[in-house]
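Asks: From TrEMBL, for reference:
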- A:136-199: domain 'CBS' (DOMAIN)
- A:200-256: domain 'CBS' (DOMAIN)
- A:284-301: transmembrane segment (TRANSMEM)
- A:358-378: transmembrane segment (TRANSMEM)
- A:384-408: transmembrane segment (TRANSMEM)
- A:420-440: transmembrane segment (TRANSMEM)
There are 2 protein chains.
Amino acid sequence: MDIERNKDNFREMFRKKDFMALKEEMSVLPSQDVAEILNQMEAKESLIAFRLLPKDKAADVFSYLSDKIRAAFSKMIEEDELKSLIEDLFFDDKIDFLEEMPANVVKKILKGTPESERRLINQFLQYPEHSAGSIMTIEFVDLKADMTVEEALSHIRYTAPKKETIYTCYVIDNQRHLLGTVSLKDLVVAEPNQKIDDLMDKHIIAVKTDDDREYVASLFKKYDLLSMPVVDRENRLVGIITIDDVVDVLEQENTEDIQRMGGIRPSEESYFNQSPFTMAKNRLLWLFALMVSATFTGRIIQRYEELLQTMVILAAFIPMLMDTGGNAGSQSSTMVIRGLALGEIKSRDALKVMWKELVVSIIVGISLAGLNFLRLIAIEKVNYAIAFVVSTTLIVVVVLAKVVGGLLPLLAKMVKIDPAIMASPLITTIVDAMALISYFKIAGIFLKI
Amino acid sequence: MDIERNKDNFREMFRKKDFMALKEEMSVLPSQDVAEILNQMEAKESLIAFRLLPKDKAADVFSYLSDKIRAAFSKMIEEDELKSLIEDLFFDDKIDFLEEMPANVVKKILKGTPESERRLINQFLQYPEHSAGSIMTIEFVDLKADMTVEEALSHIRYTAPKKETIYTCYVIDNQRHLLGTVSLKDLVVAEPNQKIDDLMDKHIIAVKTDDDREYVASLFKKYDLLSMPVVDRENRLVGIITIDDVVDVLEQENTEDIQRMGGIRPSEESYFNQSPFTMAKNRLLWLFALMVSATFTGRIIQRYEELLQTMVILAAFIPMLMDTGGNAGSQSSTMVIRGLALGEIKSRDALKVMWKELVVSIIVGISLAGLNFLRLIAIEKVNYAIAFVVSTTLIVVVVLAKVVGGLLPLLAKMVKIDPAIMASPLITTIVDAMALISYFKIAGIFLKI
């Protein structure tokens with residue numbers, strides 16, 4: 001558990017070139033921890049340490065290494081060593097690695113692998129990035145319906161070491177059509193001579209290879225699954241997805257949503273692994289678009305230049321009105337974006353959302369306006385007319401902001417844009433314009449200017 | 001899978017009072033789907049349908065019902081029925097339910113349960129809300145180190161139906177100290193006469209009852225676990241945590257972060273389950289605090305009133321500068337908040353973050369300023385001096401915003417505040433003030449006013 005101390009130990013042994021101790025230490029540590037330490041070392045030193053690992057652990061550690069260090073390794077080691085390393089990987093880890101490699105390296109690595117496996121690998125490499133196919137693996141246990149429990153268990157016993165999970169087994173016919181699933185729990189509890197056919201669960205929750213991985217994750221969450229079968233259009237079993245990969249998908253999807261909501265083009269690389277130029281690029285597009293649209297707000301101010309010149313005090317409340325509007329709007333859009341992501345809100349709920357935001361915004365708007373009115377009179381010593389105009393504008397702005405903030409993500413969803421885009425930066429810009437126009441109109445009416 | 005059609009079927013059968021068909025339909029559907037439909041029905045009708053469920057499925061469905069409908073049920077049904085229902089629940093679901101109930105109902109329900117169980121339940125009810133103890137269960141398989149594989153398997157076979165998971169078994173001594181874990185996979189593959197002692201994994205990844213559930217989730221993610229033991233201070237096994245509950249924790253933590261980042265006090269209730277008043281309350285605090293702080297921005301404008309009056313054109317660029325600064329800052333804070341949540345960034349990385357944000361912000365600032373300068377000259381037809389002032393301010397604002405946006409979440413983390421609070425609404429307000437001051441200072445220098 002104490003990874004920091006382990007890291008220091010590790011470096012110390014390396015410095016002393018005490019490779020025996022290093023080998024011992026690495027065999028005791030979980031693969032994930034070994035990988036975490038190797039990721040942070042110089043590529044050359046990292047490779048030396050990596051080569052001290054026993055063959056089976058090496059493959060496991062390799063699957064947890066960062067893309068960066070794996071790319072460095074693959075440049076430093078001989079083709080044969082790379083090949084034998086990849087052979088030991090689980091199928092989904094193999095695909096993950098090959099996806100990162102340049103095409104010519106992939107070609108070289110695949111040279112010599114049997115035709116059938118090469119075809120399978122190419123098929124897996126072609127599944128679109130966010131599809132169920134892209135996160136599945138082929139190391140599952142398949143059973144036949146006419147097996148007895150005893151036969152099934154001995155089949156599992158024999159094949160288990162090469163499988164990603166044996167806790168759910170998949171019952172298929174000779175054409176590989178998926179007939180049912182049976183858990184190892186049920187097999188262990190059942191009588192040895194029971195038939196799989198009688199034992200298996202025929203209500204299968206499965207996905208297709210081209211289903212979106214977010215949909216896959218939502219099924220895992222809802223049905224508390226440990227693994228799930230993936231079938232093709234003819235209901236033939238092509239792979240399974242396991243919960244550990246789904247947990248990663250959930251975190252990635254959350255990161256993507258959060259980045260979009262922060263006005264950043266999403267990236268799968270971690271903060272420190274992105275170069276400053278990539279980072280700048282991912283941020284510039286939105287900033288520029290929003291900068292240009294913010295000039296509309298500027299135009300509005302210009303249009304009311306005369307009014308402002310005769311009553312400069314009005315300018316002092318512009319930031320407060322704009323900010324409060326922006327914040328109120330982004331509160332609503334945040335709630336709706338998250339509700340959509342969790343499936344609590346559906347596109348068809350637009351009217352319900354509008355109504356809810358309307359009620360909430362009236363409560364919020366009146367409370368804020370009331371507090372603000374008192375503050376302006378008592379603390380800021382503003383005259384009643386201006387306090388009234390500012391506070392009334394506040395109600396209008398909060399109501400508009402919350403209704404627009406609640407509806408825009410739904411609108412995005414309907415036209416198949418990611419609702420997360422409709423978060424604070426964009427909402428703020430839209431609401432700013434609405435806030436200013438309301439302000440000047442209301443001032444025009446009540447201040448008779 | 002086609003839950004919408006199922007729901008319609010369900011309602012149709014209910015309307016026709018075809019309870020036989022309803023019973024049949026419910027026995028086929030997964031418990032989660034039955035619960036989803038029952039959640040959306042009138043409490044009375046929902047209870048009628050619920051009572052048609054067979055005893056074992058009823059407990060399962062009950063554990064997926066919403067808090068609201070469960071509260072309604074517990075008011076409508078007799079004490080005895082409630083008691084027998086609760087007896088069938090898994091221990092963690094039982095605790096979840098009892099937590100929602102008023103103290104006097106809990107007392108009534110627990111009357112008559114054996115002293116030892118009552119004490120255990122009270123112990124579990126006392127674990128703090130976000131602790132490992134609050135999400136653990138007691139239905140695990142425990143083995144002794146001197147058992148053979150055969151003995152272990154027959155023990156598992158006998159106890160399996162009452163366990164939440166049998167895929168990892170926990171080896172304990174007579175004082176319940178945790179000695180190791182052994183997976184069902186290893187048991188199935190091993191020879192029948194092998195000793196558990198030789199087979200078990202002694203490198204245990206465990207947590208303490210009072211560890212934070214977010215830490216628990218991070219270990220599950222890192223080590224790809226399906227379950228994890230929870231021990232007390234004397235290393236005695238008190239419970240286990242399973243991956244399905246961890247997935248829920250992950251989603252709740254993400255929701256909390258996203259809501260905090262949107263300037264909302266987090267709530268575990270779903271969007272439509274929150275009353276408008278609760279919602280307004282959760283949003284008002286931040287809005288009010290930010291509204292007051294935005295008045296500082298107003299003060300700054302007031303201080304430069306004269307300058308603005310002599311050069312009203314300057315006012316037109318205030319929204320653009322403020323918005324761009326706010327957006328640039330919230331981009332950085334978003335990246336850092338997420339990096340902290342995922343463990344990619346640690347508190348000690350402050351200098352590295354500052355440096356990274358500095359480099360990125362200079363690239364972004366200069367690019368934006370360049371584009372803006374051209375736009376002002378070519379499209380807005382502004383004079384060179386003003387275009388220069390506005391664009392220079394833009395660089396300063398973007399750099400300040402990004403550095404502050406990157407550092408504030410780290411500062412929050414250091415003083416043990418949730419970094420997610422340092423997101424767009426707060427950053428925007430802080431950056432607004434910085435933007436205005438820079439603007440007026442720069443204008444003062446270059447426009448000689």
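Every residue gets a Cβ built from N, Cα and C, even glycine.
Curation plays no part in TrEMBL annotations; they are all automatic predictions.
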Asks: For the transmembrane segment (A:384-408), could you work out the same-chain residues 6 or more beyond its ends whose Cβ comes under 8 Å from its Cβ atoms?
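Replies: Distant Cβ neighbours of the transmembrane segment (A:384-408) are 313-314, 317, 320-321, 324-326, 328-333, 335-336, 350, 353-354, 356-358, 360-362, 364-366, 368-370, 372-373, 376-377, 422, 426-427, 430-431, 434-435, 438-439, 442-443, 446-447.
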Asks: Who are the long-range neighbours of the transmembrane segment (A:358-378) in its own chain, taking Cβ under 8 Å and residues 6 or more past its ends?
Replies: 324, 328, 332, 384, 386-388, 390-392, 394-399, 401-403
Asks: If you average the pLDDT over the domain 'CBS' (A:136-199), what number do you get?
Replies: 93
Asks: In the domain 'CBS' (A:200-256), how many residues does DSSP assign to helix, to strand and to coil?
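Replies: Residue counts in helix, strand and coil order: 25 helix, 16 strand, 16 coil.
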Asks: By DSSP, how many residues in the domain 'CBS' (A:136-199) are helix, how many strand, and how many coil?
Replies: 24 helix, 17 strand, 23 coil
